[in-house]
């Protein structure tokens, strides 16, 4: 009996000691000190936008670690939250209950206010790709303006229902958060028959969108530089190659700490550029061509405009982690309302005013229409923003690819691309460089900003923003939905599906034709 009592006391003491060690290690990890690896936390873009730790099932609650078998001990690795798969010792249990990561994400991770969350959403839906909206009005007229409003309403609604899919009612009738990411929602919808199929579909869609975003940055950089200095004997393809040479060091990125310092400055610079464009357009208000705004559409090119508009509103990928890191998640709906209302007004005014100024001469990137005296200055700022924005989607795509193909334990398709010391192997670095070169090749052979943007918006943008949220909402919560919610979900799914297929087909036809033309040249 005494031996048993001593054993119990020893287990309790060890458990308390391990909890304290885990808390201290996690706290030091948050402060920037790491024990098992030299990798640094990659900041908001990794921990919030990607939410990779949750996708790997590492969210655990240290307060529940005593609820397992008698005498069970919690994991010792307090900083496992910051380790890449395969670069550090794994915890004894990687289940979603019985660990430390949820405590770190719930208590140690600094929370953000509704205004800060709104700023992140605004950055996502008010980026550089707004420059393609006047081109959408060129082929859609007033219907294009209506779609800008309609897309804002639908994306705001689907963002809310996507967050609703994270919650369920427990035995006590309380609404609790049981999922953490878009991937968790997708897997829950496909369980139990295909428990990982939904997550893989979402990951594939995310990789396509991220890589296409990188390609668009290279395309827009080459386009802007070529149109800024048309007298130089340098082609658009050559400018794209130069831009890619500048971006090649992205393959060596370990984190986004250095790049994140420029994000706020770049965003503010972009707003200033938008204001300059609008100011120039207002100075020519007497010459506005109201008669050029059509009530009919170009049937062949308007579906491409749908993809352009949808792509400019994509933010659903990181909304679950953003809502989970808000100080008051109840303010999420209000935040979504004012951010999308503001985006709708600004985008509609920008697209309409720019189109009225240049009418049928509106180009794919609206700054190319500016007079040569100010075009070069504005475009150089935009190129700088594009080059500084490239690392974020590139690093995100690399993270998803590495975790899915090289670091998924026994389910990985290839050997781990990281050594035991946590350093990237030479062939892993080669694959990163190959991804940068791939974005260059796509930008060279298909240097059409509007077509690529329309294709991406029709394929992954419509899927992630329209189709999947409405489908998941119906699948997970259909018993609790009111009839008008069911009607909205079905309508969004049907309309989104039609627009997605139509836009994808027309964009793909345009890209194939452009590819053939470039191949002949």
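Cβ atoms are placed via backbone N, Cα and C, with glycine included.
Of the candidate ranges 118-142, 143-167, TrEMBL annotates residues 143-167 with the feature transmembrane segment.
Among the residue ranges 173-195, 334-356, the one that TrEMBL annotates as transmembrane segment is 334-356. Taking TrEMBL as the reference, the stretch among 411-428, 429-446 described by the feature transmembrane segment is residues 429-446. Here the transmembrane segment (334-356) has Cβ contacts under 8 Å with residues 114, 117-118, 121-122, 125-126, 130, 133-134, 136-138, 144-145, 148-149, 152-153, 155-156, 159-160, 274, 277-278, 281-282, 288-290, 292-293, 312-313, 326, 362, 366, 369 of the same chain, all six or more residues outside its ends. When each of 262-282, 376-401, 429-446 is checked for Cβ pairs under 8 Å to the transmembrane segment (207-226), 376-401 comes out on top.
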